[in-house]
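Structure first, then comments.
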């Protein structure tokens with residue numbers, strides 16, 4: 001399995017160069033047909049790309065990138081966002097305390113961010129405590145504001161170090177680029193005004209230790225170098241290669257995106273500035289995995305078809321389609337003419353769209369022109385249908401193109417919230433939504449009665465309140481008694497407000513009850 005994983009790169013290389021996986025391969029050069037026996041049939045070698053005439057192999061040494069160094073060098077880092085949480089409290093007359101929380105941003109300092117990151121990585125409880133809401137202070141009949149600053153550390157935030165100009169690239173940076181980390185500049189600004197990016201290593205060195213020496217075989221024809229067989233046995237062509245310096249080392253960028261440093265006698269042009277080395281990400285990893293699975297599957301299908309042919313002593317057009325070479329290069333083409341099995345040498349090329357080889361109805365384009373058929377039969381299982389259309393067995397299954405469409409629809413990369421192009425930031429310094437998931441919830445709360453006094457003060461206040469209450473009750477009772485006394489006297493005589501005269505025992509006339517009362521003790 002491991003050799004197959006290493007040797008599928010030619011097929012993948014063409015897919016990366018052209019932006020999508022080739023859906024088919026067809027001969028652009030087709031030699032004369034000759035009859036063969038079924039024992040001459042063989043499954044093609046889909047693990048080698050061959051160049052015409054370069055058969056002279058000689059040992060040589062070259063330099064290539066270490067495993068894991070693909071398009072750019074990964075630099076791990078983190079983002080630091082400053083958040084201020086404000087607690088506003090108001091205590092009313094009866095002692096109810098209302099607390100309202102608000103959040104806004106501030107721009108953090110690199111030193112503070114580095115300290116917060118170290119706390120988080122070390123599991124220091126000070127980091128979690130720094131994220132808590134402030135404990136609100138309060139005073140009776142006053143509004144009190146309490147603030148607390150927090151630093152939100154989001155990691156990892158991986159950036160790409162460009163080995164060409166040593167700049168950092170990520171969607172979190174304004175314009176996608178940061179000039180780089182130096183001794184004087186230890187951080188990068190981000191597309192959020194109150195967030196900075198910093199590397200995990202406080203003293204990053206330019207990690208250009210990315211090369212390794214390897215040995216292989218040079219494929220040449222005379223003084224011309226056509227390509228080489230690398231240390232893993234994979235042939236790589238120098239067609240379309242260009243010169244490119246990587247971390248100051250001059251080398252060649254091949255068509256499949258790989259980079260090697262080797263001596264050649266041919267003058268090679270310089271690469272355009274926009275060409276990178278081995279563009280590689282998580283999605284291409286998935287594609288590589290599917291390509292390997294597909295190549296293994298196709299190899300097994302070819303061997304099964306070949307075994308069936310040998311066992312049954314019969315062959316069909318559909319079985320011949322399994323013997324087609326799946327990668328560009330030299331191979332064989334097979335067909336059946338007049339019940340005779342035929343073979344021809346062929347040089348295969350990649351096909352990216354079906355229109356390239358079927359430009360019109362009934363036309364199979366080979367070598368720039370429509371290839372003739374014999375009684376409706378072409379080669380490699382391709383036939384002419386009853387309605388005059390060219391029928392290719394793989395056209396119905398679309399081969400690996402289905403995997404590409406599946407990847408486009410199902411692969412969702414994990415990204416930093418600031419790297420999401422759909423993120424819309426709020427105006428001003430209002431706290432963004434992406435920091436809320438890292439902080440406790442804030443809400444308006446109302447406490448019970450609390451006057452903000454110590455325990456002894458509370459008892460004094462309660463005692464004074466009780467005494468005041470008693471005084472008020474006593475005063476009210478006294479007032480009520482005084483107010484009701486004249487009314488009760490009048491009601492005892494059923495009076496209407498007139499004077500009543502009475503006669504005492506001595507016969508003296510007393511004009512009123514008050515006069516009688518003032519006359520001293522009277523015996524009835």
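Each position is counted from 1, following the chain as shown.
Glycine residues also receive a Cβ, built from the backbone N, Cα and C atoms like all the rest.
Annotation comment: Swiss-Prot describes 1-19 as signal peptide, evidence class sequence analysis.
Taken from Swiss-Prot, the feature topological domain 'Virion surface' applies to 20-459, supported by sequence analysis.
The N-linked glycosylation site feature in Swiss-Prot is assigned to 56 (among others); the stated evidence is a curator's inference. In this view, residue 56 (N-linked glycosylation site) is surrounded by 14 other Cβ atoms within 10 Å of its Cβ, with every protein chain counted. Secondary structure at residue 56 (N-linked glycosylation site), taken from DSSP and collapsed to helix, strand or coil, is strand.
The N-linked glycosylation site feature in Swiss-Prot is assigned to 223 (among others); the stated evidence is a curator's inference. In the three-state DSSP reading, residue 223 (N-linked glycosylation site) counts as coil.
Over all protein chains present, the Cβ of residue 338 (N-linked glycosylation site) has 8 other Cβ atoms lying within 10 Å. Residues or ranges marked as N-linked glycosylation site in Swiss-Prot (evidence: a curator's inference): 338 (among others).
Swiss-Prot lists 460-480 with the feature transmembrane segment.
The S-palmitoyl cysteine annotation in Swiss-Prot covers 480. Taking the Cβ of residue 480 (S-palmitoyl cysteine) as centre and 10 Å as the limit, one finds 10 other Cβ atoms among all the protein chains shown.
Under the heading topological domain 'Intravirion', Swiss-Prot lists 481-524, citing sequence analysis as support. Summarising model confidence by region, the topological domain 'Intravirion' (481-524) averages a pLDDT of 53.
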Closest of 56, 223, 480 to residue 338 (N-linked glycosylation site), Cα positions, recorded positions only: 56
Three-state secondary structure, which DSSP defines for residue 338 (N-linked glycosylation site): coil
Cα-to-Cα gap, residue 223 (N-linked glycosylation site) vs residue 56 (N-linked glycosylation site), nearest whole Å: 10
Secondary structure of residue 480 (S-palmitoyl cysteine) (DSSP, helix/strand/coil): helix
Inter-residue C-alpha distance, residue 56 (N-linked glycosylation site) and residue 480 (S-palmitoyl cysteine) (nearest angstrom): 129
